[in-house]
Each structure stands twice: as structure tokens, then as C-alpha cells.
Amino acid sequence: MDTEKSQVEQSVLGLSPADLPLDGTEDETLQRIPWSYKWIALLCVVSLPIGHTWTGSALGPLKNTLRIELGVNNAQFGVISSADAFVNTVFPIVGGLVLDWWGPNLVTMCCTAVILVGSVVAAAGVQVGLWRVLVSGHVLMGFGIAVLDSATQKFFYHWFGASGLAFAFGLESAIANTISLVSGMVAIPIRNGTGWYGWTFWIPVFFCGFSLAVNVAYIAFERLAVPERFRLTSGRARAIAEQRGLSDRKRFSWNVLFMLPWAYLMLPATQLLQSGAAGGFSTSSADIIFMKGYDEEVAGYMSTAQKILPIVLSPVVGLAIDKYGHRFHYVATAPILWIIACSMLGFTDVHPLAALVFSSLAGVINSMPLQICIPLLVADQAKIGTAFGVWRAFNNSGSTIMDVVYGALQDDTEGQGYSKVLLVAIAIKAWAFILGLSYIFIDYRFLGKGMTMTRKQRQAREAQIVDRQADPLTRRTSKKWFTTLTFSLLVAIIASAWAVFVRYLI
């Protein structure tokens, strides 16, 4: 009876076996998907955000140029760099719900189109020399990128399942870092070679157009070449709902937010400012090196060099996580590397590249393990988009706050140096180390060591479980008090992000 009920629920939700990779049968279904389909899908999906990635990576090396050409101070530059994150303090949650309900294909089409329009507006802002128009373009791009990011995770979860997430994330990270590396390295040479820095903002327009074309190609590929049983689509869910006399209005519910497991909500509720602390360091590293007496072009090259190691190591780390586990141990290790990087770059005379090696390693082993943990802790394809939306809302709020606060701290420092900025970053990462140790304890005590186990260990352990709702490894329950606390924190951090952004925009 329970089996029949489960099958009915899966049908109503529109979930194919490939959507639910937590048990052995579903993993076998995923393994039967031809790798030719997986590779084509992966190639298309990782190509969707390249235009936005290019634009964001060019800002750091051009920080000094933008301050001069657009007449902005450091806090206002923080507004520019955080504009895409600012708009996504709320929108990712709504977008995640929409993504889970209507499916990713149509949603990603809208996202890539909006990103293209935003890139044109941003380039036009540079063309006319109005920094607030540049901000408007980044805000438009932000509307698209947050939901697109959640869609990417949803695609990966569908095509590769829990067992292949680390590999997919690793490859995506490597490609994104390659684009970031190239963008950062050519930003100053483009300015010097053409005599105008604005070309750095027009180039992403073409990449955004390419991403939109790839999106169309992916949808055509999925609809025309991929067998129906392997597709990720919401059409089946709506069809079955109509047969049962249900409407979309009745099926679509905000209650999904309150059904998210406490084990997942633990991550966004405690990470808060962590992504902003790391992102602020990456954006400011070129300017810090420039202030140490290096040529601006050399500083740009050095700062983008921190992208080289992630290109090589991201897929390796992804495979290592699949094979050896210990996901939260990586999360606890990364802050130590960030602290070393900040200390070396800001308070010693060692060569900047030495500090950037540590920041590169920290970047590789910090965000990816957390992103891999999210689908494992949620364990429901119907909630993945929503979960990543909440995660993005927390991250974007933190990034908005820290980008602007870093700029304000720099403006308040004698000689516009970075000593206060780096001390704040070190303090935040010291707290992150304590959080990492706490995650390990919680995993051992309450989650059945699921985040520590390897993929094979998880599969073997799950095969022995009779009651999945009773075993800590597979139990995914929500706690009303913790959910209330988490979303109260989200409201508070969103309000803070809007306050600091508007304060320095006007």
C-alpha cells in the first residue's frame, strides 16, 4: 500500500524516476540515461551564465578605472558590484517556487533574455558615463541570474542525481573560473588596446546573446532528441492534476517554504555574511595589489590568477568528494585558508601571488561542498528550486551588505587602504571555522553521518534502511520553530541589504 501511494505521489508531482535519486532503483534509472545525453545537457547548461560571469569578473581589475571615469567613491563602487545581488535578495525565493512548479525550460528562457537586456543597459550606462544606469543594467541582469543559478542546480540534480552532483558542480565551477580568468586578464589590455574601457562591457552582450541561443538549442534538444522518460518537465504533473480535477492554483502553494527540512535551513541561516566576505576579497584583490605599488595591468593579471587553481582543482575536488566524502570537513577547512590569504595580502610583504594561492584553494573547497550538500539535505526534486532560491536570497543579501560595507570601511580608512576591510573579513571567516566544526558535529549526531559518507557508503547504508522516515540518514523533517527563526533572519538581512544599498545609491 505504501509503495502504491508513493508511486501516485510521484506521478502527481510530475517526478520521473530520474528526478529522485536517493534510492537504489532511482540511481539505476539515472545510470541508464546515455552519457551522450548527459554531456550535451551539461555543455548547454554550463554555457547559460557566461555573459554575466564575464561582466562580474571584469569589475575587480577595472575598479580604479571606474572610480576615475564614473566619478564614484568606494562605497558607490560597492553598489555597482552588488547591484545584481541586491535585486536577488527576494526574487530567488519566488523564482525558485516558479521553477519547481512550471519547470526550468520556459523559466530559463526568460532569464537569459532578461540577462541579455540587462547587459545592453549596463554597457549603455558605461557608454554615456552614468554609473546609476550601469547599476540599473546589473539589477536587470540580477533578475535573471539568480533564478538561472537555481535552474542550473535543478538540471544537475535531474541529469546526474545525488551520486554525480559533485562531478557536475566541479566541471561547472571549472568552466566559470576559466571565463572569469580570461575576463579579468583581458579587462585592462582591452582598455589600453582600444583606448576605451567600455568595450569590456560590450563584449558580454555578445556572450549573453550566445547564452540565449544555447538555451533555445537545449530546449529543442530535450524536446526532440531526449526520450520522454528522461526529461525534466512539469507538463506531466499538470496533465495528471487536470485529470484529477485539480487546478494549478490549488497545486501551487507557498507552503513549500515551510516544508523545507531543518537540516537544509541550518546552512543558509548560519552562513549569512560568509559569501559576501569572500566575494569582497576577490573583488578588491586587484586594487589591494595596485596599492602595494604594482602596475594596474600587472595587478589585474595577479588578481585573476586566483582563478587558475579552481579551473584545475574544481573537477578534482568534486570527484574526491564523491569518492571520499567528508563534505563538511571541507567547509571547516576553507575559512583557515581565507584567514591566511587575508593576513598575507594585507599585513605582510610577501609576494601577492602567495596570498592568492591560499584564496584560490579556499574558493575551491568552500562553496562547492555546500552546494552539493543542499540537494542531499533536501532530497526532493520538487523542492530543489525553492531550496536554492532561499540559499541565493541569503547569499545575495550578505553579498550586498558586505560589498557596500567594505567600500564604506575603505573610504573611512586613512589613505583609502584595506586594513579595516581585511580585519572584518578575518573575523567573519574565524566564525565560519566554528560553524564548520558545528556542522560536522550535527552530521555525526543528527544526520547519520550522511555528509561524511562517500557515495558508495551512502548507497550501501540506504539499501539497508527499512523505514526511511525513521532513520537519521534519510529522514528529512521540518521544525516549525527553526523554520520561523530562519525566515525571520532572512527578513532581517534583506531589510539590512536594502537599507545599505539605497543609502549609498541615492
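Positions of Cβ are set from backbone N, Cα and C atoms, glycine also.
TrEMBL annotations: computationally assigned, not manually curated.
Counting residues 6+ beyond its ends, the transmembrane segment (39-59) has Cβ neighbours under 8 Å at 66, 80-81, 84, 108, 111-112, 115-116, 119, 122, 138, 141, 144-145, 148-149, 151-152, 155-156, 159, 168, 171-172, 175-176, 179-184, 187, 200-201, 203-211, 214-215, 217-218, 221-222, 283, 304, 307 in the same chain. Annotation comment: TrEMBL describes 39-59 (among others) as transmembrane segment.
Residues or ranges marked as transmembrane segment by TrEMBL: 79-99 (among others). Within its own chain, the transmembrane segment (79-99) has Cβ neighbours under 8 Å at 52, 56, 59, 66, 72, 107, 131, 134-136, 138-139, 141-143, 145-147, 149-151, 154, 252, 254, 256-257, 283, 385-393, 395-397, 399-400, 403-404, 407, 493-494, 497-498, 501, 504-505, counting only residues six or more beyond its boundaries.
Residues annotated as transmembrane segment in TrEMBL: 106-124 (among others).
Annotated transmembrane segment per TrEMBL: 130-148 (among others), in sequence order. For the transmembrane segment (130-148), the residues of the chain that approach it from at least six positions outside its boundaries are 48-49, 52, 55, 66, 70-72, 76, 79-80, 83-88, 91-92, 95-96, 98-99, 107-108, 110-115, 117-124, 201, 389, 392, 396, 505, judged by C-beta separation under 8 angstroms.
According to TrEMBL, the feature transmembrane segment maps to 155-176 (among others).
Sequence-distant neighbours of the transmembrane segment (196-221) (same chain, 6+ residues past either end, Cβ-Cβ under 8 Å): 40-41, 44-45, 47-52, 54-55, 58, 62, 65-66, 69, 105, 108-109, 112-113, 115-116, 119-120, 122-123, 126-127, 134, 183, 186-187, 190. If you look up TrEMBL, you'll see 196-221 (among others) marked as transmembrane segment.
Look at TrEMBL and you will find 252-273 (among others) tagged as transmembrane segment.
Among the features that TrEMBL reports, transmembrane segment is placed at 298-321 (among others). Nonlocal intrachain contacts for the transmembrane segment (298-321), taken as residues 6+ away from its ends with a CB within less than 8 angstroms of a stretch CB, comprise 57, 60-61, 166-171, 173-174, 177-178, 180-181, 183-185, 187-188, 282, 285-287, 289-290, 327, 330, 352-353, 356-357, 359-361, 363-365, 368-369, 372.
Taken from TrEMBL, the feature transmembrane segment applies to 328-347 (among others). Tertiary neighbourhood of the transmembrane segment (328-347): same-chain residues 277-278, 281, 285, 288-289, 317, 321, 354-356, 358-359, 361-362, 365-366, 368-370, 373, 418-419, 422, 425-426, 429-430, 432-433, 435-437, 439-440, 443, 451-452, selected by CB-CB distance under 8 Å and a gap of 6+ residues from either end.
Look at TrEMBL and you will find 353-378 (among others) tagged as transmembrane segment.
According to TrEMBL, the feature transmembrane segment maps to 421-442 (among others).
Beyond the ends of the transmembrane segment (481-501), by six or more residues, the same chain brings 79, 82, 86, 89-90, 257-258, 260, 262, 265-266, 268-269, 272, 390, 393-394, 396-398, 400-401, 404-405 to within a C-beta distance below 8 angstroms of the stretch. Look at TrEMBL and you will find 481-501 (among others) tagged as transmembrane segment.
Between the transmembrane segment (353-378) and the stretches 106-124, 155-176, 252-273, Cβ pairs under 8 Å are most numerous for 155-176. Under 8 Å from some Cβ of the transmembrane segment (155-176) lie the Cβ atoms of residues 18-19, 21-22, 26-27, 30, 33, 37-38, 41-42, 45-46, 49-50, 53, 104, 232, 310-312, 314-319, 321-322, 364, 367-368, 371-372, 375-376, 379, 381, 384, 455, 458-459, all in the same chain and six or more residues away from its ends.
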